[in-house]
Each structure stands twice: as C-alpha cells, then as structure tokens.
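In what follows, a single structure is set out as structure tokens and then discussed.
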Amino acid sequence: MAGKKLKKGKSGNAAQYITRTQAVRKLQLRLSEFRRLCILKGVHPREPKKKPKGANKTYYHLKDINWLAHEPLLNTFRSIKAHDKKVRKARAKQNKELAKRLAALTPTYRLDHLVKERYPSFVDALRDLDDSLTMVHLFATLPAESKYDIPQRTVQLCRRLALEWQAYVVRSGALRRVFVSVKGYYFQAEILGQSVTWLVPHALSQVLPPDVDYKVMLTFLEFYNTLLQFVNFKLYHNLGAALPSLRVYPLFSQLRYPPVLDPRLEEAAAELAAIMKDIAGMEEEEPEEVDSEAGDEDDDDLPVLDSGTRRRRAAAAGPAPRRWRCWVRTTRTRMTTCRWVSDRAGGACGPGVDPSDEAAVCGSLFRGRVFFLGREVPREPLMLVIRAFGGVAAWDGDGSPHAETDEAVTHQIVDRPKQGHKFLSREYVQPQWVFDSANFRVLMPTDLYAPGTVPPPHLSPFVGEADEDGYTPDFAKTVRRLQDAANAARLRAAGLALKGADGSEFVGEGADGAAAADGEGAAGEDLAAAERQYASELAKEDEEAAMADIMMTRKARKMYNNMKQKEAAKQERVQQLESKKAKLAATGAAGPMGQVKPAAAGKAAAAKAAAPAKVAASGGKGAAAKGKEAPAPAKGKGTPAAKGKEAPAPAKGKGAAAAKEAPAKGGKDAAPAKRQRR
C-alpha cells in the first residue's frame, strides 16, 4: 500500500526556510529596513543543506521571520517611512518651513526591550560585550563625517561610554592583560568572573575608506550603545552598593552614574582623569590641593553636567546643607591622606598582599610609584594601565597632579632616543616597560627598557601557559625566574613562606621543589631498583598504548594519527626556531634577550643590498661562498669564483667562471672572474 502523497513545499527545507525576497515581501519592508531589523533583533541568515530556491540566494528560518512579524519596531519603521514621504513632498513644493518642522517631528524609538530580550541575565550581557566595546572604541576615534552619515552626537556618545567603561575598570582594578599590536591596544578585564577583551585603535588621524558600508556599522553601533549603557549603569551601581558610605549616605549615590566630568580636566584633554576624579577621587592629589579646590565643586558640577538624569536627580534632592558639604570635604581629605601615606609605603611585594589573589596583586603592583608621561607617549592607554594597577599618572599640562620637576616622580615614561635633562631620583623607561610589568605581575628591570636601547620582545600575554610544548623564547624564561622571585617575596611578606628556606633570590618551584628534593633523597637509597622500576613502567605504558591502538576504530585511529602528525609538525617547527636562534647567537646578531641587535641588522641589510651588485659585477647569478665550494650551476649558467677554491666545471660545456686566488682572511671579497665566451 503506497504512502500518503505530500504536497510540494509543505515539509522539509522548503517549509522551514524562506528566501530574503520572500521575507521582505511578507514583512512589507524595504531591504534596508529589513537588514536593520535583523541586526537589532539578532537574526542571522541560515545555510540549509538543500537549497530549494537556488544556491545563490540568502535564506532565513521561517520561525525567525514569524518572530520578526510581531516586533513593535515594525510599526515605528512604517511610521518613519510614511513621515519621510511627507518631508519629501514638502521639499518638492519648496515649503522649507514645513519640511523643517516635519523633520523635527520624526518618530523615534528605543531599544531597551531588545537588550532585555536578547540578554536575560547580566552575565549573558558581559559574555557578549567584546564586540560592543571594540565598536564603541572604534567610533570614539573616528571623525564625524556627514559624507558617510556619521553624526557628531554618535561620536560623542561613544567617547563618553568608552571613558565610563575605562573609569570603571580602573576603579574596580579589573584589568588583567594588555598587548600592543599594529591594530591597536588589546585589553582584557575580568568582571564578575567573565573575561572581557576589547581593542582600542591607535590615536592617529583616521582616514575613512569608501568601500565600507557605514550604515550597517552604525546599525550595530546603535544597539551596542544601548547595551553598553545598561552594562555601565549596572556596574556603577554595583560598585556603589559595595561601598558602606553609599548605604548610609544616599547623597553619594547621585555621583555614581553617569559620572561628572571635571570641566578643567576635560578642557585639558584628560577625560579619563576627569571621570576618575568624580567616581574615585584623585588619589595622587596633595591634601592641600583637595581642600582648596573642593570648596564649591558640589555646587558647580551640577550645571555643567550634560545628562538630564543628573539634573533631575539634583533638582529632586534639593540643595545640600552647608554643614553636610563641609563634612563631605573633610572626610574626602582624610581618606585621600590615608591612601596617600599607605600607598607610598606599599607595593606589589608589600605586606597584606595575598599572592593567590590576582586582583590584589594587580591592584598593588604600581602602588607607591608616580609615573610622569612624556608628550610623545600615548597618554590614555598608559594612564589606564598605570591607574588600574595602583599607580599614579602625571603629565605635562593642566590638571596634572605632579609637575615634571616634582621629586615624588619615581618613573618617567619617554619614547625618545636621547633624553636631554635627567633627574637622578627617577627611572627613565620606555612605554613597553609599563605593559610588560602589568602582564607579568612583576616590576621588570628598567635597564632593559632604557631610552635609546632596543627593548626585549613584547610577548603576548594571551598565549600564557597554553603553549608549553611549543617554542619558549629566552626572555620568557627570564620572566619566569623573575615571577618566581616576586612570588617568593610576596609569600615572605604575607608570612606564608616555609621555615628553613635558604633565602635565595630566585626560588624555583617553592614547596613543590622541596617535596621533589625529599622524594629524590628517598629514592636515592636504591638507585638501581628505581631505574628498573622506571624501565618496567615505560614498557608497560608502551604495551598499553599499542593495545589501545589495536582496539581503536578506524575513525578514532585516523584522528589519533592526525593528532600525532600535528604534534610532530609542532616539534619540528620548534627545532627550526631553536636552530635559527643558535645561528643568530653564533653570528652575534641576537642580544641576550633574543632581540636583534641594530648593528647586526644593519650589517645584514648592507650585505643583502650589496649581493646583487657583486653578482652583476661577476657576470654570474650565483654568489661566492666564503670558505666553501660553490654549487654547480644549472643549465650552463656561470658562477663567480669561490673564495680560495676552484669552481666546479659547468654543465653541458658552457662557460664557467675562472677561479682566482682570494685575499687573506679578513680582507675584502674575491676579485670578480672574467666570463669566457664560446
């Protein structure tokens, strides 16, 4: 008995998927509006296994299109479409006043419900925050071009959101890694157990390429701005709720979000410091400066705030009593003074820092150190890293807590080959010293990063210990020794060091090394028995591996062989790098930390540039080998004479280069040989 016949398009891929043209017709939207709605709702095209309408079409799931049909933004988009027709009609009739009035009455919409819909919990929003932060920081550096419909208000909003995020990272001490590349600065922060990574472009003049669809990027940015506002609001209020003073005195909660920018610092292009002065206080200010400048700040900050939320809250709260303001100023002054004294006496290896607590180690790494940033170094990335790791940042300009001549400055960040005037009471380092010290959780030696010297290789902190079997540079081994020494110092400072330690500078593995030494001492009683037992264990492991290989299925064996091939290729690559490093060390082209010396690099470049000229002068296409026999030319091509040796006979009877006696060792290259004619 035959089965029931099914109608075409009622089941399978034809019933589950729909083309983009069909979706646009069903929703009664323009293609640009449909694309915008899909971006805001998070609907992506699908790839069915069998495409019923053709291979060159874009498909969407039918359930997604039905879900879009119930979106409230559809009515708003249709209203905007009808309103645009009215504006165009008024402009066609040369009625400028009506067109201007209608353009000001364009329907608006909000995306708050979409954020709550796509991210049910706050942790979900943090997990999907990487692209949002990268896009916001990108548009914060772009110019407002009317040619590409990039409004100035959007750029200013991105700038404000980026600074608010950086200020929270500094205040909470959540920054963990930073890496400088050609694309920009990669930052990674740990917030509520979630790792958030974003990219900040270099502060250069941006040239907008014409082949980029900025409308699509602005649509993504529209949703990302709303998402980041939600996240910043939640993070700031969580930070405020953690402070006991905010629970006792609710007036402080008005300063949490949005933070108030200091007009003086904002005009001096120190936006991050301007926000930090409000949410955390300028820890690097002297007590006298805090008391003198905070006289009427509580009254002056309210009118200059651009946010309507802050003005409404301030109006509802009313003016604060003068006694209350005096108590607030006195409390801030005392807290700032206490922090100043304790920070100057602390540090990464100071007492009270638990080595197992990464947040405490990161927050106290630069404690008690004042960094003066030169005019040639990037201020914002360095200020973000320095303040997030407990340091104090100063610069040349208005609003700086310290001047360049201040004796409190311990480090000066410069990026010049030579420094004219130097202070003996401070260290002069390159910007890479700050990033490497923050990544490795240890203060690196300053002589390696002195001005005018080639710094060590900038190792990526995102690789970490995941590539233990791969190539390990020499500088990474040096960093590990420094980290072991720093961890041992922190253990001693915290009172957790084991008694009876030898007190050496570089403690290798700590307690694990002591336990291993005890095990070796116990096994040394019967060394021969231990060796026999070890050999038997190896044989047993080999036998088990062979048995497991026999019992594997064909698919599992193929996968296992692929894994072994990849591991072998990896080991071969490591051996190549090791041999290359050995050759560079033998020729003296590599420094002690693996960096290429400038002199050696210049000699290599000069030799490479002079090679074509020597070949042209000799009339051949090969180069004379120093102290070695030149290889035989292919297809009758001549070669220059080898130094001190006779060149081999040419193939097929064609011309060869006449060998001549080379000068003494250490002299110039051999004289070019004359080419014979047939």
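The backbone N, Cα and C atoms fix where each Cβ goes, and this holds for glycine too.
Now, the feature entries from Swiss-Prot:
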type	residues	note
REGION	283-316	region 'Disordered'
COMPBIAS	283-303	compositional bias 'Acidic residues'
DOMAIN	361-451	domain 'BRCT'
COILED	552-587	coiled coil
REGION	563-678	region 'Disordered'
COMPBIAS	564-581	compositional bias 'Basic and acidic residues'
COMPBIAS	597-618	compositional bias 'Low complexity'
COMPBIAS	630-661	compositional bias 'Low complexity'
COMPBIAS	662-672	compositional bias 'Basic and acidic residues'
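Across the compositional bias 'Basic and acidic residues' (564-581), DSSP classifies residues as 18 helix, 0 strand, 0 coil. Per-residue pLDDT, averaged along the coiled coil (552-587), amounts to 85 for this model. Taking DSSP states H, G and I as helix and E and B as strand, the domain 'BRCT' (361-451) has 27 helix, 14 strand, 50 coil.
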